[in-house]
Amino acid sequence: MSTRMRPPRAGHLGGRVLALLAIPLLALNLRSAITSIAPVLAPIQQQLHMSNTQASVLGALPPVIFGLAGIATPTVIRRLGADRAAALAMVLATLGMVVRALSPGAVFFFLPQFVALVGMGMGNVLLPPLVKRYFPDRIGALTVLYGIFLQLGTALPAFLAVPIADAGGWRTSLGGWAGLSLLAGWPWVLLSTGGSRSAHQDADADPSGYAVAAATGTRIAVRALLRNRLAWGATLLIGMTSLNTYPIFTWLPQILTDAGISRGDAGSLLGLYSLMSLPLALTIPWIAVKLRNPLVLVIAGLSCYLVGYAGLALAPSRAPLLWTVLCGLAATGFPLALALANLRTLTHEGAVALSGFMQGFGYLLAAAGPLVTGLLHSLTGTWQASFGFLGVTLVPLTIGGVLFCRPTALEDTLPPGPSEVTGTAATMR
């Protein structure tokens with residue numbers, strides 16, 4: 001059976017307008033619990049008596065929680081619906097960041113951080129299927145839009161963490177972002193209740209609406225994805241990109257301060273590193289839509305990784321701005337994977353299943369990044385071995401890119417059966 005994504009009917013435009021506000025706001029709040037920490041980690045460690053080992057675990061926590069949330073979120077979506085799941089995600093993020101800022105000690109810091117990351121991990125998985133649900137006719141444009149806000153939400157906390165901490169302390173610096181996540185939850189509450197409720201219910205029930213055609217609601221079994229090359233290619237691409245990203249988020253300020261750069265400048269460079277993903281968010285999804293096989297984007301990212309890592313490992317103080325920019329521009333795999341999660345699926349359920357699978361298992365793989373790089377630094381006293389490890393991980397990243405960039409629809413690669421959907425690759429775009 002062929003399934004096509006169809007444009008919206010006029011009666012559903014009100015829900016789409018609200019979703020156009022809600023999706024970018026959701027994306028804006030999916031990294032603040034992570035990038036707000038590293039620039040002020042030193043005073044946090046000092047006041048909460050947090051050891052370097054605990055700091056390494058703190059750096060590894062985001063991909064672990066994102067991975068677990070990725071595996072669980074498709075079930076939450078089926079039980080609550082995507083809109084309610086998005087509202088719940090922002091409630092958890094808000095609660096976690098508020099309580100985290102009030103933590104009296106290192107141990108108490110981890111639980112609210114866990115809660116906040118669960119909410120943000122749910123949001124990671126929700127973004128691609130929400131775009132496919134509300135804007136199946138504008139996948140490229142909406143992926144660019146939420147990618148911009150995702151990167152802004154990554155960069156701003158890193159840029160502002162030290163100035164806010166200097167003015168009001170690190171607790172204010174960490175807790176202030178809860179207000180933004182609370183704001184982001186309101187549109188999803190409105191979409192899941194009241195006047196917009198009928199619109200999103202129709203999206204699930206009406207095959208002529210703006211979500212998906214008759215195959216909507218057909219579940220794609222996880223066991224089928226476990227045997228699927230495309231799904232594992234997606235997992236390796238986003239997982240290895242994230243594995244290379246989180247060590248930079250965790251350790252870049254220390255790498256630079258170890259090289260003699262001030263704490264304030266190191267925090268600004270971390271913000272710049274985050275901001276470098278903005279041009280990627282602007283261009284990668286648009287290019288991916290145009291290219292039959294966008295593997296060239298992965299290769300370009302690999303080149304930037306190799307040069308940036310060599311610079312940070314061998315001469316970090318020689319051109320820290322250049323090395324930071326190159327490492328930031330290297331992460332082409334992340335926006336590419338998010339775009340392909342829609343471009344390589346035919347249905348809303350396919351996007352939910354693939355997004356949950358690739359982010360769930362991908363982020364679990366990524367958890368090794370901060371832990372291994374921190375351990376290697378502790379054992380050797382330098383950062384060269386850590387960057388050598390990251391260089392090795394570029395091999396599976398490349399393999400993932402080769403597998404995921406092939407112009408094939410997920411549903412066409414699944415064995416036919418009662419728990420899978422089938423389609424035709426001609427309807428991918």
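Heads up, the Cβ atoms here are built off N, Cα and C, so glycines get one too.
TrEMBL has this to say about the protein:
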{"type": "DOMAIN", "residues": "17-409", "note": "domain 'Major facilitator superfamily (MFS) profile'"}
{"type": "TRANSMEM", "residues": "57-77", "note": "transmembrane segment"}
{"type": "TRANSMEM", "residues": "84-102", "note": "transmembrane segment"}
{"type": "TRANSMEM", "residues": "108-127", "note": "transmembrane segment"}
{"type": "TRANSMEM", "residues": "139-162", "note": "transmembrane segment"}
{"type": "TRANSMEM", "residues": "174-191", "note": "transmembrane segment"}
{"type": "TRANSMEM", "residues": "230-249", "note": "transmembrane segment"}
{"type": "TRANSMEM", "residues": "269-288", "note": "transmembrane segment"}
{"type": "TRANSMEM", "residues": "295-315", "note": "transmembrane segment"}
{"type": "TRANSMEM", "residues": "321-341", "note": "transmembrane segment"}
{"type": "TRANSMEM", "residues": "361-379", "note": "transmembrane segment"}
{"type": "TRANSMEM", "residues": "385-405", "note": "transmembrane segment"}
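Each residue in the domain 'Major facilitator superfamily (MFS) profile' (17-409) has a pLDDT score, and their mean in this model is 88. Across 57-77, 139-162, 174-191, 269-288, 385-405, stretch 385-405 shows the highest tally of CB pairs under 8 A with the transmembrane segment (230-249). Between the transmembrane segment (57-77) and the stretches 139-162, 321-341, 361-379, 385-405, it is 361-379 that has the most C-beta pairs under 8 angstroms. Below 8 angstroms of C-beta separation, residues 237, 241, 244, 255, 284, 287-288, 322-327, 329-333, 336, 383-384, 386-388, 390-391, 394, 397-398, 401-402, 405 of the same chain, each at least six residues beyond the ends of the transmembrane segment (295-315), sit close to that stretch. Taking Cβ pairs closer than 8 Å, the transmembrane segment (269-288) reaches residues 31, 35, 38-39, 140, 143-144, 147-148, 150-152, 154-156, 158-160, 248-249, 252-253, 256, 261, 294, 297, 320-321, 324-325, 327-329, 331-332, 334-336, 338-340, 343 in its own chain, all 6 or more past its ends. Contact between the transmembrane segment (321-341) and the transmembrane segment (385-405) holds: at least three of their C-beta pairs are under 8 Å, each pair 6 or more apart in sequence.
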